[in-house]
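Participant: The transmembrane segment feature in TrEMBL is assigned to A:6-28, A:35-53, A:59-77, A:89-113, A:133-155, A:184-209, A:221-246, A:258-279.
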Amino acid sequence: MLGQYLVNGLLTGGLYACLAVGFALVWGVLNVVNMLHGSMVILGAYVCIIGVQQFGVPLYVAAPLACIALFAFGYAVQRGLINRVVAQPILITLTLTFGLDLIVNNLLLYFVGATPRSLITNFGAVDLFGVRAPVVRIGGMLVAITLTLLLYWLLHHSKLGRAIIAVRMDRHAAALMGIRIPQIYALTFGIGALMAGAAGCAMALIYPTAPMMSGVFLGKAFIICVLGGLGSVPGAIVGGLVLGIAEGAGSLAFGPQWATTVGFVLMMAVIILLPSGLAGRKGFE
Amino acid sequence: MILDRTFLLKIAVGLALFALAAFSAFSLDNYQLQVGTSLAMLAVLCYAWNLVGGYMGYPSLATITFFGIGAYTDGIVQNLDQAIGVAWLAAAIAGAAIALLLGAALLRLKGHYFAIGTIATLEVAREIANNWDALTGGAIGLNIPIQMGSPEFVGRFFFLVMLALAVAAFLVTVVVDRTRFGFGLRCIRQNEQAASMVGIDVVRYKVAAFVLSGALSAAAGGVYASMVAYIEPKDAFNLVKTIEIPVMVMLGGMGTIFGPLIGSAFYVVLNEFVWANFINWHSGILGLIIVGVIYFLPGGVLGTRWPSAKGRMPMRARAAQPRTTA
């Protein structure tokens, strides 16, 4: 029983890491709490679902297409809208992205409806020592973790990645080094949206998703980001796994209806006691 | 308190508006009374937020947490066969007490962390209300004894009570605006470290503002719960509402004594219009309004320099806007 909860926690945790990493990146680099993140996850899920179910595109084509579409969406939103107010106090950027979230969510509700949909897949399950793990969830988690690690590699070993990190460290110094800040902001937001889209595709394989669930995903992203420490990719992985396991342990100890509460209480505790997060470094608060 | 003639005039105008609203209560129909009551309620919440978000510059998203706590306290106390006034008082006290506890912890955070921490209070409170069946009735909700009397009487009664609460919130803001306390809060908004260095007891000021804000929000929640006679977690602890409140204040003008009133009035009128005409697009249009306010009225109605009578728009209007430091 305990083992099953632990495995479930790890499987969910991998997805959570992918869900939160885009949010963490945007928060860390742009200093924007992106309230639109949950809706971008849903948007990614629905591009994938509609591609597969309505147009008969195979999944391995539809999912990357969804990611590309989300990247374009994120880039355009940042370039056209958020860049104009990005230096304003956080209340402004937070409410702006919240307003955008309401618009996107309303459009989604109108065009795809409120009924939860998912991609029905059945690849069987693996049994190991009495612990059951559905193949699709293992696959989803592996893809999510791979993408997250890929992003980490990109940030540390490519010109773009170095530029993003430079902007995060010191925006003004980076500008003096010839980095075009608005461009980097837009690309970062695009990458954040891409990761949200990828998480959405993985979610669509595992859970039924509906536009109304965007708040749930956003809440998870908050928690993971705070748990892992602001803006760091490894932090998102740590935070995701910790949250997955904490929710598993919480539902074992108090019953499944308290799982979400356990996450938020954990987050409140970390935010107050360890403002740089479990894996974070000082100075990145 | 520093009171010059302009400010006294402003207070008089404000009180006259409220008095006019109170007298009109006897000629309004039930629909108008309902809109008026929700306007008064939102005005209270906006004034409550304005103390923390406007004067002090802390982007709090906990207004609805206290509102919900007030609503549930009222429901629970009324179900213990207590008088309605006792329940409202209990709601305000509960709001203040929880604001004191939360404030002591959360007000050490700044910027994003404070904003997210305050959102978390809302999520935790909602989950607790959802799951603590014995106290809150869980997801089924809580029934509260209905006020006796004809619909007209009850409607008028709650309108006047909510209006009285709005007057109280207005007067609190007036006092805060013109006393040492408000001056201290404005110093904290501009530079907290400097404020502390010139001898302002930063921690006490911040907690005091948070408690005041929590008590006002919770009182509004208590009256609301008695009025609707049924509350559920999703309704009492609503995330959209908690972000709407700062938007309303932004719409009116942050850190001013009329901003919350103007903002909530504009918002209620817009909202009624949108609900009546575009029900399927309600949240999308709300989003457009939010985005529009941020781009076109970043200082609110009061902070924007409107074109003068000669039709010229001062180019430097934007530079003069009040800013919160986060």
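Residue numbering: from 1, along the chain as shown.
Just so it is clear, glycine is given a Cβ too, placed from its N, Cα and C backbone atoms.
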Participant: Rank A:6-28, A:59-77, A:89-113, A:133-155 by Cβ pairs under 8 Å to the transmembrane segment (A:221-246) and hand me the top one.
Facilitator: A:6-28
Participant: Are the transmembrane segment (A:89-113) and the transmembrane segment (A:35-53) close enough that 3 or more Cβ pairs fall under 8 Å, when only pairs 6 or more apart in sequence count?
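Facilitator: Yes, the transmembrane segment (A:35-53) contacts the transmembrane segment (A:89-113).
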Participant: Grab the same-chain neighbours of the transmembrane segment (A:133-155) for me: Cβ-Cβ under 8 Å, and only residues 6 or more beyond its ends, written as numbers and ranges.
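Facilitator: Beyond its ends, the transmembrane segment (A:133-155) has Cβ neighbours at 7, 10-11, 13-15, 17-19, 21, 25, 121-126, 161-162, 164-165, 191, 195, 198-199, 202-203, 205-206, 233-234, 236-237.
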Participant: Using a cut-off of under 8 Å between C-beta atoms, tell me which stretch among A:6-28, A:89-113, A:184-209 contacts the transmembrane segment (A:59-77) the most.
Facilitator: A:184-209
Participant: Counting only residues 6+ away from its ends, which parts of the chain sit with a Cβ under 8 Å from the transmembrane segment (A:89-113)?
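Facilitator: Answer is 31-36, 38-40, 42-43, 46, 50, 77, 81-82, 211-212, 214, 218.
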Participant: Grab the same-chain neighbours of the transmembrane segment (A:6-28) for me: Cβ-Cβ under 8 Å, and only residues 6 or more beyond its ends, written as numbers and ranges.
Facilitator: 34, 37, 40-41, 131, 133, 137-138, 140-145, 147-148, 151, 164, 168, 188-189, 191-196, 198-199, 202-203, 206, 217, 220-222, 224-225, 228, 230-233, 235-237, 239-249, 284
